[in-house]
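Q: Pasting in a structure now, in structure tokens, and then I'll have a few things to ask.
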Amino acid sequence: MSMLKDPSSKYRAFPTIDIPDRTWPSKTITEAPIWCSSDLRDGNQSLIEPMDAVKKLRFWKTLVAVGVKEIEASFPAASQTDFDFVRTLIEDNHIPEDTTIQVLTQGREDLIARTFESLRGAKKAIVHLYNATSPSFRRIVFNQDKEGIKAIAVNAAKLFVKYAAQQPETQWTFEYSPETFSATELEFAKEVCDAVIEVWNPTPEHKMILNLPATVECATPNIYADQIEWFGRHINRRDSVIISLHTHNDRGTGVAATELGLMAGADRVEGCLFGNGERTGNVDLVTVALNMYTQGLDPQLDFSDIDGVRKVVEECNQIQVHPRHPYVGDLVHTAFSGSHQDAIRKGFTQQKDDALWEVPYLPIDPADIGRSYEAVIRVNSQSGKGGIAYLLEQEYDISLPRRMQIEFSQVVQAETDRVGLEMTAPQIYALLQREYLQANTPYALVSHRLQEENGNSFVEVEVSGKGQGETNLHWKGKGNGALEALVAGLPIGVEIMDYNEHAIGAGTNAKAAAYIELRVNGERPVHGVGIDENITTASFKALFSALNRSLSQQEAKAA
């Protein structure tokens, strides 16, 4: 079987929502929502190997540390393991004063009774009721009409009131989800929710939660936003209801649907860290939160150690985070492209600590989430001079002049093409050493002597010359400065085109780096590098580096 030529014979477009005066498109997110993690329930039930109690407790503590204030811990009536985990959290005092445990149940009385029993002794708790309301579930799964589906919700809501009254020491919050809300007729979803509201009788001081799931994402995110805005306009007692979002990622737009839903008036978001969950996953709370952060809004969640959070999530879920996952993937702050690297390097150079963040290609400062800058630029055959220069600057305090960056990038690219692999900073530095710092044939500097007299420099150098056997060469020169004097003493026509120098490090261990661009015998300019504790020695080494490289290239050209 293959894809249909006419998919409309099998699939139908989702109907649009008629709201000609919709307001959400012109709104922005101005404050963080109430966050609820469903990692330990929705996320856990989707794992090949669900978490054991040890992993669950580790995950719980991570969520608390991040700052999630409402955590759906389990489906206590589903298994003894889930029930016992809730008891452990309560009896061993793992629930901070500012954090509320949430549990899920269906509408049967035995399940509801077991759920409330699991929460005995909790200071406060959210009990979450759900039943599916969409046409396909009514027809295919439950064989119920609308009145039957509404009756399930209303009867269960009454049981919530009954069992909560038996444990008055707990501060209860009730939550209702018309599961498959986004595929349910809006008028019917409102009808069911209004009926539950009448039973629970919330007030502005003691609100209930209406959670509106895109249980299966079946339309573009703007339609979900329309559904949320319509619902918020029409639901009874809006001032006594917290509207919560619970999106999935079947179409790949869970984050967008959540953000537009918040613009449409929602107050709360349920999801999982890094988007774990059934099928393609729940909305990723981390991405939504850090999207807010990069817009200058405090998300009220702390991902200062995002890699530490990722480690816990990966080990507990036994699922690796994709290297391209927003904000946390191994490669999301990494540039291989030459033009990208050049822009990033220039951005870092100009970025000031107290200024607005404006580094190209990096929507967030990696340091804000505990990332180093080491992996920002990596070098392969697609890389250019900017990335190579950046790595040398960051790792070795080597600042190549611009024209030398171009020359050396060709050397690096030839090497990456040859080996077909990425090059690390140590490998690039080793290539710099081999190509420039160790370019000591045919002439290698052995020693030099410099004298200053009447504004002139007098230089005498000793070099080991190719084919000279045990006898070294001695050249003398005079000029306006050490380099000019050395050039004057060379038996070869040399023209200095450019010279740069800078310190490497500071204090007693500082060294000097010198860079020379010169033309030898009228040939094309080449570069040389010298590093030494003494700046004059470094400049002489740079000159011989360039001289030797030029002569070697001329020899190879003539061969």
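Backbone N, Cα and C define each Cβ position, glycine as well.
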Q: In Swiss-Prot, the Mg(2+) site includes HIS246, HIS248, ASN282. Which of ASP21, ASP42, ASP498 does it also list there?
A: ASP42
Q: Should HIS246 (Mg(2+) binding site) be counted as helix, strand, or coil on the basis of DSSP?
A: strand
Q: For the recorded Mg(2+) site, enumerate neighbouring residues of the same chain (Cβ within 8 Å of the Cβ centroid of ASP42, HIS246, HIS248, ASN282, site residues themselves excluded), in sequence order.
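A: Other same-chain residues near the Mg(2+) site: SER38, PRO213, THR215, THR247, GLY254, GLU270, GLY271, CYS272, GLY277, GLU278, GLY281, VAL283.
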Q: Could you tell me which of these binding-site residues, ASP42, HIS246, HIS248, ASN282, has the greatest number of Cβ atoms within 10 Å of its own Cβ?
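A: Counting Cβ neighbours within 10 Å, the top one is ASN282.
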Q: Which of the three DSSP states, helix, strand or coil, fits ASN282 (Mg(2+) binding site)?
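A: For ASN282 (Mg(2+) binding site) - judged by DSSP and reduced to three states - the answer is strand.
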